[in-house]
Amino acid sequence: MTELHLWLRHEVRSTERRTPLVPSDARRLVERGVTLTVEESPQRIFPAEEYEAAGCRTAPAGSWVSAPERAVVLGLKELPDQPGELTHDHIFFGHAYKRQPGAEALLGRFAAGGGTLLDLEYLVDDDGRRLAAFGFWAGYLGAALAVLQHRGRLTAPLTPLSKDELDALLRPVAGDEEFTALVIGALGRSGRGARLGFLTAGVEATPWDLAETRALDRPALLAHDVLVNAVLATTPVPPFLREEDLDDPGRRLRTVCDVTVDVGSSLNVLPVYDRTTEWTDPVRRLRKEPPLDLIAIDNLPSLLPRESSADFSSALLPQLLQFETGGPWGRCRDRFHQACRELGIVEGEFRNG
Ligand SMILES: NC(=O)c1ccc[n+]([C@@H]2O[C@H](COP(=O)([O-])OP(=O)(O)OC[C@H]3O[C@@H](n4cnc5c(N)ncnc54)[C@H](O)[C@@H]3O)[C@@H](O)[C@H]2O)c1
């Protein structure tokens, strides 16, 4: 009998409707003896009652702070700023291992409380491949928003929708001008999603991956009308776009969607902007004449919360079923300790490590 107690927390970001665990997969965990507490959450796409019907306990939003010490807190995105000391093991996307803004503060909170960040981005198999990721729908949406912006049909604020609604907006209509699109990172999850998003919009995108960027042909890049960047950078490479490229007289490029959003990191391949864009204001104009528009939203799959949650949850479930024995979680733990060391953060007590 497993002693695992998972605590699915409410997401603090009001636009975050996704969940890493959908009710049907929650039921599978409960059936295997996992204690599962689900916080109530006004915006989660699946209501708490569906989890209750699957055998989960429910708790008020944000009550993980007083969860039993051994409970493992499961979420997706950022934690609230308080408490300052984090005492639990937390599974979520911490965005803290590439020296992103706020990384040191977040890891410092874990070190101070003796908790551990098990970062979902670093839940990998023996070959280092990600085991659960939202990439496909992120790429699909990245391409979709870029197409809508390029065709003058993107309206703000963005709101979550169903795939049928999105596809209806994407399909070309009479009078739409043809344009060219480039997807970089085309062989990855997001890249494949982006290519399908473009195809739905009637555009066959040029697919570039590692082989095509090794000796980067910037004029060819700038000759496309629309660019979606979907690379997963692990070592620094020369940027795909620099400030001077935006002023290149040969630039056809008008619309960029950065799905990767490594802004502020030394791995950023698009260092031509310094902050993300948001659902309320999804597009930033980087150049006036000729125009160049940027979309850099870091929670794209939230726009299709049902599809992206189900996809992610089905990949995470087998890993959660092996939480106590699984090598991937051990690697996550090691990666956390390594990140603390790299930032010179001295951990207090390791409860598990
Ligand atoms: N904006 C969002 O909401 C959102 C959501 C999910 C994922 N992401 C991000 O999207 C990125 C891609 O995720 P993924 O799951 O598709 O990763 P992935 O590993 O499946 O694919 C990445 C691809 O990029 C390629 N690549 C790496 N370096 C490259 C280079 N220098 N030139 C060309 N190609 C290169 C790889 O070969 C691979 O095919 C990640 O940074 C991830 O964090 C963003």
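The backbone N, Cα and C atoms fix where each Cβ goes, glycine too.
Taken from TrEMBL, the feature active site, proton acceptor covers Lys77. Around the Cβ of Lys77 (active site, proton acceptor), 17 further Cβ atoms fall within 10 Å across all displayed protein chains.
Non-local contacts of His95 (active site, proton donor) by the CB criterion (under 8 A, 6+ apart in sequence, same chain) comprise Glu78, Ala103, Glu121. Annotation source TrEMBL lists active site, proton donor at His95.
Taken from TrEMBL, the feature NAD(+) binding site covers Arg129, Gly188, Arg189, Asp209, Thr213, Val259, Ile297, Asp298, Asn299, Leu300. Within the same chain, the residues at least 6 positions away from Arg189 (NAD(+) binding site) whose Cβ sits under 8 Å from its Cβ are Arg130, Ala133, Gly135, Phe136, Ala138, Gly139, listed in sequence order.
As a whole-number mean, the pLDDT of the domain 'Alanine dehydrogenase/pyridine nucleotide transhydrogenase N-terminal' (7-141) in this prediction is 95. The domain 'Alanine dehydrogenase/pyridine nucleotide transhydrogenase N-terminal' annotation in TrEMBL covers 7-141.
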Among Arg129, Gly188, Arg189, Asp209, Thr213, Val259, Ile297, Asp298, Asn299, Leu300, which the record lists as binding NAD(+), the farthest-apart pair of C-alpha atoms sits at a distance in angstrom of 26
Lys77 (active site, proton acceptor) and Thr213 (NAD(+) binding site), distance between Cα atoms, whole Å
31
Please list residues from the chain of Arg129 (NAD(+) binding site) whose Cβ is under 8 angstroms from its Cβ, counting only those at least six apart in sequence.
none
Alpha-carbon distance [Lys77 (active site, proton acceptor); Asn299 (NAD(+) binding site)] in Å
9
Between Ile297 (NAD(+) binding site) and Lys77 (active site, proton acceptor), how many Å separate their Cα atoms?
13
For the domain 'Alanine dehydrogenase/pyridine nucleotide transhydrogenase N-terminal' (7-141), the DSSP residue counts stand at 40 helix, 23 strand, 72 coil
